[in-house]
Amino acid sequence: MTELARKIVAGVGGADNIVSLMHCATRLRFKLKDESKAQAEVLKKTPGIIMVVESGGQFQVVIGNHVADVFLAVNSVAGLGEKAQQAPENDEKGNLLNRFVYVISGIFTPLIGLMAATGILKGMLALALTFQWTTEQSGTYLILFSASDALFGFFPIILGYTAGKRFGGNPFTAMVIGGALVHPLILTAFENGQKADAPGLDFLGIPVTLLNYSSSVIPIIFSAWLCSILERRLNAWLPSAIKNFFTPLLCLMVITPVTFLLVGPLSTWISEMIAAGYLWLYQAVPAFAGAVMGGFWQIFVMFGLHWGLVPLCINNFTVLGYDTMIPLLMPAIMAQVGAALGVFLCERDAQKKVVAGSAALTGLFGITEPAVYGVNLPRKYPFVIACISGALGATIIGYAQTKVYSFGLPSIFTFMQTIPSTGIDFTVWASVIGGVIAIGCAFVGTLMLHFITSKR
């Protein structure tokens, strides 16, 4: 592991060329001072590295499921310290899209695994209720449900930390602002404000628009950004003797009211408009939306564009209470698994056979980089067949307008997350059929094309 870490550090231009480093489920994500110093082709040929991707202003090294171990080794070898955790305070380089993707990935990447875990747990609980293995009054159910719901219930606090860190501010100050948004007193005031004769709330005589910020995404991100700007100004102006406590004090006194008076209502309105716009587009042509998302999702992932859709999915849960995009992505994942299984059966080289088999297995759980970069894409036709198969499966799911009721990585567990409170219905069966068609068509198509090409 240490030797691989040394090669990676050398391949990205040395430790001095690394601005920041983070990792997701399978990739090391570097922010480099000078990307021309990186040796992408050398890294691609290095054993232990699946692929190198330059996308979204990041230099990404695809490792696989043991990426966390490699991350620690790289951090140790390069002596990165906080660079391995924190983004730079200012990110002026790159176009607007790259900067947006860089910010969004930095905020949500540390949470993706946990969000997937809580979503799967909610799906398992829904399945247990459907088959009457438990009841909503059961202590077991209540404890597990609270664990599955806590992340999104207190999402502004969690996002306050990651957003504060990404914007280069004090993440704990942003966490406190997020905590204010979901404080019991505020939630009680919101509930009381729904009554017809309820008195209004004001701040220094200015009326406050009370909203329920539980599970909200956009308000705390904007607030953390504003807080980081104010914090840097205050740290530059205030004497060292008092800035340790005066900076967070002034940030809380200024940004918290601004959040309730302006940022919160405005960003909530933006959230609702985004959700309404997405819903209108989806409902206009759901089957076509399925074909597009199922067919092009892995291409979006290759170019890093998928990060722009993560906040949209989470926003749908916040505003609508469900999401229709994740079900459309599940066939794209299953199709890559099917293609990798086809390669597994066709491949005669023992080592490549093992790679294809393990890639198919991890793909079932939503981690497709090993299947895409290590198996299907290098052979070209399995990847193309998988994209077509994903489009076919997602078309069926789109036609049924299947929804998921908790966040999670598109995977074999998505089936459980499509179960509504009323029990298994047509939309759930559509997700099963769409997933089976995707994996089956990709598997059979890969076998057939291998048979045809091997005869030539």
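Placement of Cβ uses the backbone N, Cα and C atoms for every residue, glycine included.
The feature domain 'PTS EIIB type-1' is assigned by TrEMBL to 2-84.
The annotation active site, phosphocysteine intermediate is assigned in TrEMBL to Cys24. Cys24 (active site, phosphocysteine intermediate) is surrounded by 20 other CB atoms, counting those within 10 A of its CB over all protein chains shown.
Sequence annotations record features per position, and here TrEMBL assigns transmembrane segment to 100-121 (among others).
According to TrEMBL, the feature domain 'PTS EIIC type-1' maps to 102-456.
The transmembrane segment annotation in TrEMBL covers 141-160 (among others). Through the fold, the transmembrane segment (141-160) approaches residues 107, 111, 114-115, 118-119, 121-122, 125, 128-129, 134-135, 171, 174-179, 181-182, 213-217, 219-221, 223-224, 317, 406-407 of its own chain, all at least 6 residues removed from its boundaries and within a Cβ separation under 8 Å.
The transmembrane segment annotation in TrEMBL covers 172-190 (among others).
Positions annotated as transmembrane segment by TrEMBL: 210-230 (among others).
According to TrEMBL, the feature transmembrane segment maps to 242-263 (among others). Below 8 angstroms of C-beta separation, residues 170, 172-173, 176-177, 180-181, 203-204, 206, 208-209, 219-220, 222-223, 226-227, 230-231, 234-235 of the same chain, each at least six residues beyond the ends of the transmembrane segment (242-263), sit close to that stretch.
Residues or ranges marked as transmembrane segment by TrEMBL: 269-292 (among others).
Taken from TrEMBL, the feature transmembrane segment covers 328-347 (among others). Sequence-distant contacts of the transmembrane segment (328-347), counting only residues of its own chain at least 6 positions beyond either end whose CB sits under 8 Å from a CB of the stretch, comprise 289-290, 293-295, 297-298, 353, 356-357, 359-360, 363-364, 366, 368, 371-372, 375-376, 379, 382-383, 385-387, 389-394, 397-398, 410-412, 414-415, 431, 434-447, 450.
What TrEMBL lists as transmembrane segment is 381-400 (among others). Sequence-distant neighbours of the transmembrane segment (381-400) (same chain, 6+ residues past either end, Cβ-Cβ under 8 Å): 286-299, 327-336, 338-340, 342-343, 372, 375, 426-427, 430-431, 433-442, 445-446, 449, 453.
According to TrEMBL, the feature transmembrane segment maps to 430-452 (among others). Nonlocal intrachain contacts for the transmembrane segment (430-452), taken as residues 6+ away from its ends with a CB within less than 8 angstroms of a stretch CB, comprise 290, 294, 327, 330-332, 334-339, 341-343, 345-346, 381-382, 385-386, 388-390, 392-397, 399-400, 402, 412, 414-415, 418.
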Reported mean pLDDT - the domain 'PTS EIIB type-1' (2-84): 83
Secondary structure tally of the domain 'PTS EIIB type-1' (2-84) (DSSP, helix then strand then coil): 37 helix, 22 strand, 24 coil
